Amino acid sequence: MEKTLLFAAIFLCVKADEICIGYLSNNSTDKVDTIIENNVTVTSSVELVETEHTGSFCSINGKQPISLGDCSFAGWILGNPMCDELIGKTSWSYIVEKPNPTNGICYPGTLESEEELRLKFSGVLEFNKFEVFTSNGWGAVNSGVGVTAACKFGGSNSFFRNMVWLIHQSGTYPVIKRTFNNTKGRDVLIVWGIHHPATLTEHQDLYKKDSSYVAVGSETYNRRFTPEINTRPRVNGQAGRMTFYWKIVKPGESITFESNGAFLAPRYAFEIVSVGNGKLFRSELNIESCSTKCQTEIGGINTNKSFHNVHRNTIGDCPKYVNVKSLKLATGPRNVPAIASRGLFGAIAGFIEGGWPGLINGWYGFQHRNEEGTGIAADKESTQKAIDQITSKVNNIVDRMNTNFESVQHEFSEIEERINQLSKHVDDSVVDIWSYNAQLLVLLENEKTLDLHDSNVRNLHEKVRRMLKDNAKDEGNGCFTFYHKCDNKCIERVRNGTYDHKEFEEESKINRQEIEGVKLDSSGNVYKILSIYSCIASSLVLAALIMGFMFWACSNGSCRCTICI
């Protein structure tokens, strides 16, 4: 009888239909960090930091940059005759200048506040160059022979294309005066200069007087310049120097020039047609036939990642720069390998015993076994809900760090090294803060994502438990054993949430009572065996005590045994 009960119990356990809830497991080696754990293996993750670039300058949104070639920014603005190839360039997405161009200010000198002009002009996307004063429109001065061997063109002496070097005419240099009225309706950049001869004799030869001045005035500007005559070392064959100045003339504003010598007069000015988020890069990189939406100093970036680690000096639609090379955001659940052996008869197990490598198109799902066989399927509803949440999380990470910041690195010359150092220090501080915030944000989000996956699996398990009610037994490992027959149609109802426990309530009740009865009967037989064993053991102990007493009594004469025949 005991053997029959035991086999019946085994038969019931093996043959019962079963459904389990679990999650994906795969061969991924992706590791992420959380706020409390490092190197957590997950089934999938997203790299948030872009490190790849084109290694060249590219057009932005179809608009080409302008390369100054062998010309410097100052040489371009003043019109170095060796920069004539740039004359037709009036529109660009950004400007590229070599670190050490050969064609700068050919006659030795400086462009005052060049760094500020670079910064202003880096945002200019288009200008219109026009003749502000004709070369011979300055009256009784000579405007045609102001050339120098320092600015040669085609083997002949020349001068800056956008300027006119006015000298005496027939031994006289009267006071000259001209006014420009800005009626363009846009800002106009105008440049002028003053010549500083090396000797008084040179000054007298050129301007026929011992002293001279240049006065410039407008509604917002008023300065008077005089030549600084001094002996200097020769540069490019010249002991003299030239200093150039500039002014942005607003619409409706007028600017007046007055001089009696040493005047470098403006000939062409720049009407600023379009201003935007431009940039001036200093780099040896070439401009290639490529397109990008984000350009850095060392190459273009085409990415949809949230951050980049290419270079902080950028233009375009760029992700935020951080000083870390990798930030991985977990998307899938923890990658816990499945237990190799599930026991007899191809047994299945739930999420407590590890993930499922066979789960396709989902993070969570069901595995079942019945008379029709075994099967596995993803729960698309809970998976899609999790995908939507995590996708939204990835898309919103940058929005949490939406502080506007633009680096001005490399837009200052060596003369302004202190400004460079201060700018770099500010840039470094801001980037450090952003990088720390990004790392902390990813750690927190990874922790929340893994908790989300754990919660989703448990919620799915709880959903099935509430659906099945007393029609199945919760095995405690993520699986349920049915008290009724559950074919594939029945299994599918459990998966899609249309299972009706009342339909199988009566069958489940009968089978549950039978199983519980078998357990109870089996338990009764065990108790019976234990009772018999206890009785026999007690009898043996009692007999041993009686025999011991008799031996003791006989040995001391208290008891006598007489045998009669």
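Cβ atoms here come from the backbone N, Cα and C positions, even for glycine.
These figures come from a predicted structure and were not determined experimentally.
Looking up Asn304, Asn556 in Swiss-Prot for N-linked glycosylation site, the annotated residue turns out to be Asn304.
For Cys294, the disulfide partner named by Swiss-Prot among Cys290, Cys318 is Cys318.
Record source Swiss-Prot places Cys58 in a disulfide bond whose other cysteine, from Cys290, Cys479, Cys486, Cys490, is Cys290.
The disulfide entry in Swiss-Prot for Cys486 points, among Cys479, Cys490, to Cys490.
Only one of Cys71, Cys106 is recorded by Swiss-Prot as the disulfide partner of Cys83: Cys71. Note on the topological domain 'Cytoplasmic' (553-565): its mean pLDDT in the predicted model is 54.
Taking Cβ-Cβ distances under 8 Å and a sequence gap of 6 or more within the same chain, the neighbours of Cys486 (disulfide bond) are Asp17, Ile19, His368, Asn370, Val494, Phe504. Between the CA atoms of Cys106 (disulfide bond) and Cys71 (disulfide bond) there is a gap of 10 Å. For Cys71 (disulfide bond), the nearest of the recorded positions Asn26, Cys294, Cys490, Asn496 in terms of C-alpha separation is Cys294.
Note: the CA-CA distance between Asn26 (N-linked glycosylation site) and Cys83 (disulfide bond) rounds to 62 Å.
If you compare Cα positions, Cys290 (disulfide bond) sits closest to Asn304 out of the recorded positions Cys151, Asn181, Asn304. Once Cβ contacts within 10 Å are tallied over all protein chains shown, the disulfide-bonded residues Cys83, Cys290 are led by Cys83. There are 9 other Cβ atoms within 10 Å of the Cβ belonging to Asn304 (N-linked glycosylation site).
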